[in-house]
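Taken straight from Swiss-Prot:
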| type | residues | note |
| --- | --- | --- |
| BINDING | 48, 54 | NADP(+) binding site |
| BINDING | 132, 133, 134, 244, 245, 289, 304, 305, 306, 307, 308, 330 | FMN binding site |
């Protein structure tokens, strides 16, 4: 299996399966001399780990990260653990697998999952929890994102769940402080209360629901990205689309821009106090011509409902026989909830990569 690595200069390779011994990542290209401790990575993993509320899978994984390489400390570093510029290997052990839950689907294809497509491509698949196609893999991305944030300390990255099923938040109630105060990473307290009742009903029905996640990066300097095939928004779209269950991505106003007139969509400018243009709007989501404008970079993506549900679905098995299939196991009723910290991590990795690429071509400008 190839294509387990992304990035150009800040490169992340993830490894592992849902029910394997461990999963993790190797981060290559991180500059030397950056302070990096395991507890900083752990803080990000703790936001994503399962079993923290009744609204996520009840699989209970501590997700304890181990730094295997790429850091060093002694008296000359003042006791601080610093990156050395060599590959940083991070490992997270799996401790709460229940593979027996999946024995009945060994030769069956779960609707909406990658069972059939993995079989069609490789002729073999790890059916236990979805193997490599499981959202469990995203724990490694979150770990890598914690390293990426060290490369871009001046950039603030935050994400939130802004829609669950048909219920979108009221944007006039947006409060970033609320994101950490409810189990949905929701910036609207009223919407979070609604989601609690709504998702309880979904869970009782043995069903699932989709979501929309919005991730915002502030403090991004103008100039990151490149024309045509190195566009910042193209790389961000690819990064977000690579997250499990994501089926659509938009930048800035995205698809809503199609309904606007040109004068409504224009990000007009006036002279700023720092000698740079001051934008009067940000319909473009902080990216123009594939290059960052200095405005907040705004990305949204849609997450489909979790495919594993408790009502019978029509399918077939490897022999071509038609079957009715109920998916057992422990699953998220809304996988979009735990996609929030994953979105931040992917934004961080892409921006770290583009920061290093920009420096390589243009020095420290901007």
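Keep in mind that glycine also has a Cβ here, set from the backbone N, Cα and C atoms.
Here the features listed in Swiss-Prot are placed on the structure.
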residue : record               : DSSP class
48      : NADP(+) binding site : helix
132     : FMN binding site     : helix
245     : FMN binding site     : coil
304     : FMN binding site     : coil
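In this structure, the CA atom of residue 48 (NADP(+) binding site) is 14 Å away from the CA atom of residue 134 (FMN binding site). The binding-site residues in question are 48, 132, 304, and the one with the fewest Cβ neighbours inside 10 Å is 304. Neighbour count (other Cβ atoms within 10 Å of the Cβ, all protein chains): 25 for residue 308 (FMN binding site). Remark: residue 245 (FMN binding site) has 135, 303, 304, 306, 307, 335, 336, 339 as non-local neighbours, by Cβ distance under 8 Å and separation of at least 6 in sequence.
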